[in-house]
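Engineer: Before anything else, here's the structure in question.
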Amino acid sequence: MTTILDPLHLPLRGSRLIEASAGTGKTWTIAALYLRLILGHGRKDECFTRALLPEDILVMTFTRAATQELKERIRDRLQHAAQYFRRTDTPAEPDAFLEALLADHPDPKARAQAAHQLVLAADAMDDSAIFTIDAWCQRTLREHAFATGSDFRETLLLDETDLRNDAVRDFWRQEIYPLTEPALSEVLQLFSSPDKVQQETDALRRLDPPLPTPVSTLADWLPAAVTAPRRQLAALKVQWAAEHDAFAEWLLGILQGPKSSNPLNGKSISVAIVTRTLAALRGWADRPEILLPDELAMCQRLTASNLPSYCNKNQTITPPPAAEVLDTLFSALEAIAQQFTQLHGAIRSHAAAWINARLSQLKARSGQVSFTDYQQRLAGVLHDKIQGPALAARLRQKYPAALIDEFQDTSALQYQIFDDIYHAADNAPDTLLLLIGDPKQSIYAFRGADIDSYLQARRLTEGRHYALGINYRSSHALVSALNALYTAAEHTDTQGAFAYAAPGADNPLPYQPVRAHGHEKLWQVAKQPAPALTFWAATESLTKDHYKALLSEQAAECIATLLTDPTAVFAEDGKDPKPVQPKDIAILVRDRFEAASIRQALHRRQLRSVFLSERDSVYTSHEARDLLLWLEAVADPEDARRLRVALALPLLGQPLSILDAFNQDETAWEAQLEQFQDLSRQWRRQGVLAMLHHSIHQFGIAARLLTQPEGERRLTNLLHLGELLQQASATLDGPEALIRHLHEAIAAGSDQNDAHILRLESDAELLRVVTIHAAKGLQYPLVFLPFIATSKAARASPFTVTHSAAGQPAIHWESGDTTAAERARLQEDLRLLYVALTRAEHALWLGLAAPKNAGTPIFASSAIAHLLGSERPARDLATLLEDCARLSPEIRVEMLTNNIPTTLAVQHYNNTLNPPAEYTTSFEKHWGVASFSHLVRDLAADPSAPLTPRRAQTGAPWHRYPQGRNAGSFLHDQLQRLAQNGFAQTGQDLFAEQLHKACTQAGLSDWAEESAEWLQAIIHSPLAPLPATLHDLTDYQSEMAFWFPSDALRSDDLDRLCKQHVFPGAERPKLPQRVIHGMMRGFMDLIFSHAGRYYVLDYKSNVLGGGDAEYHAGALRDATLGHRYELQSSLYQLALHRLLRQRMGSSYRPATQLGGTLFFFLRGLHGPEQGMLHLPADLALLDALDDLFGLPQRIAQPCVSP
């Protein structure tokens, strides 16, 4: 029994299920119930046990955008209610819900108190407990870290793709490489490549709970498992080889003999069939590598037990002993085939479990956790018999009320979390659990949404079901038409409208008719109300391609007619009618192929459109594959084959004559080669995105694409890919790694990373072609569903899963239940249809056609066919639609012919520019960002200083090492990487491999061994005067960035302070005159703590001579002053000083805690000073710099560079 929900009197205690059909004001209802919880409103049996605060009310939904919208809507509602409670007059537009609340607070003091509560609640909404399920799980684990065993240092991993690819490759290397024949062949039948491993194990890796981690390798058990059935096969082959000729001679003799002596049915057992089958058996017996004969099913006909059943009427046959051998053979082959099925299943299960375990190891090693990990971890703790009840009690105490929005999209794991906390079946009066959703809109099974969890919750809350009864989205006419359609299906089909009902049982997913609130606007054509629901039906049976083409033309023609018809308007009393605009129309499709078909038809009518998909990844686009080929050519332009492929790409649109000219004209070819060489250099210097933008401009790609029907879409994809690759390049080493990354992303195809979803290619107010999944939650005035009669046959799962008493999954490899799979497919398609039909505000158009034959995948097995009742006694489509039209006067049926005209629609877009904004404020024209490098740029050289010495040709590697900016940057990068990953890793093989690759990319491949030796020496060299080395450090931060403001500061003032406080009286070059107005920034190589003091360490690769002796104290001091490093030290010390002062507050003692700066001259590590120059902190200097720069508004911010 379902009760229509009254938001004013819904009991706010226990567990309750609220069905919120499409357009029935779900968000408004949540805000209303939230308001009641804040006020503690209701009669004794309706109100919660006490008034709550926003932090007490857990509200969960499934997207970040939804949480933000919900938070703002609730805040606005609370503020509006507070104002309402403070009013003394009657508002111009009374709010019925708030008026009823006011009536329950007749006392002015009570109203003032309620208003005060509402204001406080609105102000506290920033601290409200409104989260996505993922964010809440993460937050809960961190807040209860000790109870849940969570690590504070873990970082969130938004996309597992790269790590998962690494895990798959590790499986390939560690599990498959060691295999020998015949086990290797068996595995390669399943997994021809790492990509195939990923495809074959995807469903198994997502099982919940996950498969147990393997305790052995494939090499431990697979060879024996493969050998046993192969030995049986070998014996069977020998047995059959001895009988084959005799059996073939006997059977072919009968078939080829006189017809009168042939008792067999020639259609079932013909000479051709038998010859082919016997040849397959002979080939199988003679060739050891063939495991099972190709004609195994046909072999069954020839067995002694089956052959007589193929005799003609009143005739018999007596098979020879060889046929009985075939009986035994067939039975044995069936058993062996089943063994191989189980074996292949075991290999897949092993691979899936191994990859999961490896992925967990990789995440643990990098300190990363995905949202799925958070959910699994929290679910595991809550389900634990010891820790679970205590944590659940603490969570109930923290969140006594919980409202779960979009509950139909909950996964089984998520529902387990909610139920372990609130125990829906208990209906506890001291807590509130509201499960709010619409099972009719559960369409995200591919993301883990589990409608069975909703149905389970429905059973557990029996007797406490509520429904929102008024549709605020659609017109009276449209609501009436859809009610009629669904009510008829609900009452005339034994399965109900959504195919969940069973004879004699309660329907777990019934259709609940809704009332229409109605629209102020009326949809009219020629000053008459237009039909709300129109069915288009082809007059003849069609193939799928013909159906798609015909309905594309019909929909496009109808849209063009509406847009050019001045009488097609939205009329509203007292206002001018508004003609239909492109933005008012949406065409809903299943996939990009349907989208392409309708968009081409629209383009033929000069109608522009955009396509929005929620599931298609940009990596599945043609542009991704084209860009991969382009990048390969740019990365290696000397490869003529790759360069020719790039020049022939459709993106460039080069005519064949031009491409041929490159073969004949060497000058033209050299010009192209030079262009690609320039692009290659630009890629390495400025990044892949800059190179791509230059390519698009240089080769006129944008101008060419924008002249094509799908040009905006293709150009958007190209730029989107460029941005993604630029982001990825921050963590990848060079063009080759980026190309490999793109190749893997394309191979992986679609994923669930929001950043990879196709972007809207234009923000103009155009016609919108939208996938049904992407349209969920949206609404449009007019909606077209031209291809709604299509369907895809269900695929039966190759395995079934059962669970042990301990909850561990067991996989059963067998042929899946096609009937059950088809029923599940129909149920999901019906829910998808409901989502599509409920997007419209005023009118719907649906395209139908009868199938050409039984194999045509249109109408017969579609959701719309079920809804219209085609599963009842067979009838033609026209009769079915006639019955449908009788259900409501708002339904119209139009029969289509193949002669659809093409109306050119001239669209007039409002291109009027907005008036320019007027600014009355003044702008800081000389504001900028300065740094130490900026200050010493163009530093005057000291004429008395010696020339820069040359490096030695012999001796220690650090004296022979190349000098210059490239070598210095390389050393700096390697030390930064070591700091971020741990200085102790220099002795590991992985570091040596990475260092060798880095040397190659930096042009130092001949110095790989010297680089490793030098880095080892650096991290073990004493940081004099400290009794420590880099290897010993545990508390440090590399590449810390700092920013602080400066107000018209003159470089002369900085110069004066440094000369006064650092090496006073020593000569040094004068700083160029500059004014620093804006921000000062910098990056400190390393800051570390030792013995209670904080130090700045800066690496210097300067060459001061060819031997250790030349790196004496005087030389280090002279180099420091000559390059003005003492100024660098002063700025870095100021940044660290300000950071410590802010972080440590009154406990900060700079005299004892600020250690100063260490300049590490890396080439002098064996010199008299071990390469170290220590500049102690000068507090007088820091105070003076503080005064010079002014009080810090924004001090040093630690951030680790990528």
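Numbering starts at 1 and runs along the chain as displayed.
Backbone N, Cα and C atoms are what each Cβ position is placed from, and that goes for glycine too.
So TrEMBL has the following annotated:
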- Asp1098: active site, for nuclease activity (ACT_SITE)
- Ala20, Ser21, Ala22, Gly23, Thr24, Gly25, Lys26, Thr27: ATP binding site (BINDING)
- His972, Asp1085, Asp1098: Mg(2+) binding site (BINDING)
- 1-475: domain 'UvrD-like helicase ATP-binding' (DOMAIN)
- 513-777: domain 'UvrD-like helicase C-terminal' (DOMAIN)
- 1-878: region 'DNA-binding and helicase activity, interacts with RecC' (REGION)
- 926-1202: region 'Nuclease activity, interacts with RecD and RecA' (REGION)
Engineer: Using the alpha carbons only, what distance in Å do you get between Ala20 (ATP binding site) and His972 (Mg(2+) binding site) once rounded?
Structural biologist: 59
Engineer: In which DSSP state, out of helix, strand and coil, do we find Gly25 (ATP binding site)?
Structural biologist: coil
Engineer: For the binding-site residues Gly23, Gly25, which one has the sparsest Cβ surroundings, going by other Cβ atoms within 10 Å?
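Structural biologist: If we count Cβ atoms within 10 Å for the binding-site residues Gly23, Gly25, the smallest count is at Gly25.
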Engineer: Given the recorded positions His972, Asp1085, Asp1098, find the one whose Cα is closest in space to the Cα of Gly25 (ATP binding site).
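Structural biologist: Out of the listed candidates, the nearest Cα belongs to Asp1085.
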Engineer: Within 8 Å of the Cβ centroid of the Mg(2+) site residues His972, Asp1085, Asp1098, which other residues of the same chain have their Cβ?
Structural biologist: Leu975, Gln976, Met1084, Leu1086, Leu1097, Tyr1099, Lys1100, Phe1160
Engineer: Once near-sequence residues are set aside, which residues in the chain of Thr27 (ATP binding site), 6 or more away, have Cβ atoms under 8 Å from its Cβ?
Structural biologist: Glu69, Leu70, Arg73
Engineer: Within the same chain, and leaving aside Ala20, Ser21, Ala22, Gly23, Thr24, Gly25, Lys26, Thr27, name every residue whose CB is within 8 angstroms of the centroid of the CB atoms belonging to the recorded ATP site, in sequence order.
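Structural biologist: Apart from the listed residues, the neighbours are Thr29, Asp438, Leu468, Asn471, Tyr472, Arg473.
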Engineer: Quick check: of the recorded positions listed here (His972, Asp1085, Asp1098), which one has the Cα closest to that of Ser21 (ATP binding site)?
Structural biologist: Asp1085
Engineer: What recorded positions in the list Thr24, Lys26, Asp1098 lie within 10 angstroms of Asp1085 (Mg(2+) binding site), counting C-alpha atoms?
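Structural biologist: The recorded positions passing the 10 Å Cα test are Asp1098.
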Engineer: What's the CA-CA gap between Lys26 (ATP binding site) and His972 (Mg(2+) binding site) in angstrom, rounded?
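Structural biologist: Rounded to a whole number, the Cα-Cα distance is 57 Å.
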Engineer: Quick one: Cα separation, Thr24 (ATP binding site) versus Asp1098 (active site, for nuclease activity), in Å?
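Structural biologist: Cα of Thr24 (ATP binding site) to Cα of Asp1098 (active site, for nuclease activity) measures 64 Å after rounding.
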Engineer: Take the Cβ of Lys26 (ATP binding site) and count every other Cβ within 10 Å, whichever protein chain it belongs to.
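Structural biologist: Excluding its own Cβ, Lys26 (ATP binding site) sees 19 Cβ atoms within 10 Å.
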Engineer: With an 8 Å cut-off on Cβ-Cβ distance and a minimum sequence separation of at least 6, pull the same-chain contacts of His972 (Mg(2+) binding site), or say none.
Structural biologist: Asp1085, Tyr1099, Ser1101
Engineer: Determine, from DSSP, whether His972 (Mg(2+) binding site) sits in helix, strand or coil.
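Structural biologist: Once the DSSP labels are grouped into three classes, His972 (Mg(2+) binding site) ends up as helix.
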Engineer: In this structure, which of the binding-site residues Ala20, Ala22 has the fewest other Cβ atoms within 10 Å of its Cβ?
Structural biologist: Ala22
Engineer: Could you tell me the mean pLDDT the prediction assigns to the domain 'UvrD-like helicase ATP-binding' (1-475)?
Structural biologist: 89
Engineer: Give me the Cα-Cα distance between Ala22 (ATP binding site) and the residue listed as 'active site, for nuclease activity', rounded to a whole Å.
Structural biologist: 62
